[in-house]
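Have a look at the structure below, then the notes.
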Amino acid sequence: MSEVRQVGTAGWDAEVLGSEKPVLVDLWAAWCGPCRKVGPIVDEISTERADSLSVFKLNVDENPDVAMRYGVNSIPTLLVFRDGEEVGRVVGALPKARIEAQLDEALDGARA
């Protein structure tokens, strides 16, 4: 089982942009109801894809600069990175199947 780790501004470059594996980052806030629906889905994806994907959560209230840097205007937003570059994003509280489909599409497109 892979535990979803918290990341912040201080660890962003090393943990997210410097990762050898593709990365999924869940941008959330404690007051966000839809974020509470997506959180357990992100946890499941982290466990199921532990060998091929690093998964982090970033609290936008504690790290607003990261949200601004990537133009995140609504949460939950899931950012997908490969080789330090954003290759996709999922916005809103979508069902797991849709999140996984968009994640796969982003990662497959990044290989091309």
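The backbone N, Cα and C atoms fix where each Cβ goes, and this holds for glycine too.
Per TrEMBL, these features apply:
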type	residues	note
DOMAIN	1-112	domain 'Thioredoxin'
SITE	ASP26	site 'Deprotonates C-terminal active site Cys'
ACT_SITE	CYS32	active site, nucleophile
DISULFID	CYS32-CYS35	disulfide bond
SITE	GLY33	site 'Contributes to redox potential value'
SITE	PRO34	site 'Contributes to redox potential value'
ACT_SITE	CYS35	active site, nucleophile
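The recorded positions listed here are CYS32, CYS35; among them, CYS35 has the most other Cβ atoms within 10 Å of its own Cβ. Local packing around the recorded sites GLY33, PRO34 was summarised as the count of other Cβ atoms within 10 Å of each Cβ; on this measure the leading residue is PRO34.
Sequence-distant contacts of ASP26 (site 'Deprotonates C-terminal active site Cys'), defined as residues of its own chain at least six apart whose C-beta falls under 8 angstroms from its C-beta, comprise VAL4, CYS35, VAL38, GLY39, VAL42, VAL55, PHE56, LYS57, LEU58, PRO76, LEU78. Confidence in the domain 'Thioredoxin' (1-112), given as mean pLDDT, stands at 93.
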